[in-house]
Amino acid sequence: MPSQEVNPDLLKERHTATFDPHEFAVFWAGGEERYKEKKSLEKMFLEDPALKDDLPISYLSHKELYEHSLRKACIIGEKIRKLRAEGEDGVDTYNALLGGSLGAAILKEGNPLTLHYVMFVPTIMGQGTMDQQVEWLSKAWDCEIIGTYAQTELGHGTFLRGLETRADYDARTQEFVINTPSLSAYKWWPGGLGHTANHAVVVAQLYTKGEFRGLAPFIVQLRHSDTHEPLPGIDIGDIGTKLGMKSVNNGYLGLKNVRVPLNNMLMKNQQVLPDGTYVAPKNSVLTYGTMMFVRCALIRDTAQSLAKASTIATRYSAVRRQSPIDPNQPEPQIMDHTTQQLKLFPQIAKSIVFKTTGDGIWNMYNVLSGEIEQGNLDRLPEMHALSCCLKAICSADAAAGVETCRLSCGGHGYMDCSNFPTIYGMTTAVCTYEGENTVMLLQTARYLVKVYGQALNGEKLVPTVAYINDALKERQFVNFDGSLESIVKAFQFVAANKIRIAYEQIEQRRRQGHSTEMAANLSGTFLTAAADLHGRAFLAESAYTELLAVSRQVSPALADVLKVVLELYLVDACLNRIGDFLRFIDITDKDVTTLEIRLQNCLKQLRPNAVTLVDSFDLHDRVLDSVLGAYDGNVYERIFESTKKNPLNKEPVNEAFHKYLKPFMKAHL
């Protein structure tokens, strides 16, 4: 085993810190109470020997990995039952175990029961009537039934109107007859669908009295309650190995004349009466609530991914020594190279900004949910647009950031035991599930173009797009002084102009005779660019507002560090979009040079606190699961130790030598 002593370079880094890491860890956890809950959960789950891996899971077959993961998922489920019985199963517990760091520590490649908790149960809660919730929720919470959410198909994903699965109502028997009429209609991708779930919420095109009514969700039993055999008309299985999320048990589902009772259609928002009469929802967008809930949660998940990757890379960069800066001096820590700092420190800053923004979005969603329950839908389109673009931007930036961190570790980052392959696989998956990122940006852009037209008509816009009103009044951005507030305002001005251009492009094409839909398609690149800048403007304002607010509540020492993090994030974000800034704002060459020098100064200021800052993310070694990023920094010992677990090294001569290599080598004799 690696030495228990901490690497001296890491010790030195921790001694140079100017702030208390515990104070940051409490802030990161969400307060003292949540910090204690986090530690309690870690003790409960990470110290359980039944939840540890004797062999690295990368050496398991696909079948072995599923069986191994399901065993641990059931242990987790049993512990959740116990927490529920004691009234200690809050939202944070589920977030930690199913989407957060704790769950990833136990099940590196994902939990086959996750969709049961994060999609199946919330869909029943959000779209089921009170009677349906009484019937289904207790069974689901107690895991008497295991569910998943089957919406995506082999031929259609984000474009929901294109789904082919069909549900026809038979008034004679008061049942729905559900079919997947073609191969492309097969449900594809739902987690846990392959061999785990015995029920699913199946989203299908609804027909009653021979008329198309739109999409509707149905609870469908897939497997026998005792034998787990697929029921008649059900064709079901696992879709196979993937880049990441290898133990989630993503599945496929075909349905042939599968009948479900009338009450199995979730009817909180729309109803079908026994005679087949259809009662439409008051607002069609209400049915998208489940996916909006998940997208809001995903924003916070991207922060955790970046936190893990930047912790591993930063600790490794403090231990690894290479490439003398001064030929007469010993090899320095690679973190002393400015180029290495530029790879790492912006990722640390992004993880903090994504976390604070994600917390804010989560709170906005909860407020909105309360308003929807009261029948107030005024801010639903705004929230939908914001969650779409932030999901797209944060997932794309996080995936790119994880890869940057991997590259910063050189060849060792390519090893599976670095855990970068798994972190990247889990992170980049977010770019396509729960809405492919380009489509998400286009959905946001559609909203932005609409509100831009409203602003032109003199309407006052809602808070997250109110900057459009300001830009229309000012028309010009003057006196860019490089202050943080100025950068935020500049982002908003640039975003407003990108929205203006998208709006004008659509209007120009409509005047040329194109339909609104074709005009939008021809203007697609302008629309996605507008949505991207809108999201980045929101992130900039959120970073500025939230981190300054936190700085006023913490110690002066931590406040100083957070202000450097804020400046680094905003200056780096500005320089990454400098072309757009130059296009719409009067910025000189001197202004750009000043920003570049400020970026260098931020790196220099953050350098003494870098290791302690990632330590403050308070990520358990089991969570990181990386030979490069362990708290003790004994990198080379841990790398070598990992080779001893390799089954190939259990014998000095592999049998393949005698079967293949030796005959090949001797063949010419």
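Including glycine, each Cβ sits where the backbone N, Cα and C put it.
Per TrEMBL, the features are as follows:
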ACT_SITE  Glu434  active site, proton acceptor
BINDING   Thr152, Gly191  FAD binding site
DOMAIN    20-146  domain 'Acyl-coenzyme A oxidase N-terminal'
DOMAIN    149-258  domain 'Acyl-CoA oxidase/dehydrogenase middle'
DOMAIN    288-449  domain 'Acyl-CoA oxidase C-alpha1'
DOMAIN    484-666  domain 'Acyl-CoA oxidase C-terminal'
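Shown on the structure are the features that TrEMBL records.
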residue: Thr152; record: FAD binding site; Cβ contacts under 8 Å, 6 or more apart: Lys187, Trp188, Trp189, Pro190
residue: Gly191; record: FAD binding site; Cβ contacts under 8 Å, 6 or more apart: Gly110, Pro112, Thr114, Leu115, Thr148, Met245, Val248, Asn249, Asn250
residue: Glu434; record: active site, proton acceptor; Cβ contacts under 8 Å, 6 or more apart: Met291, Val294, Arg295, Leu298, Lys391
Average model confidence [pLDDT] within the domain 'Acyl-coenzyme A oxidase N-terminal' (20-146): 91
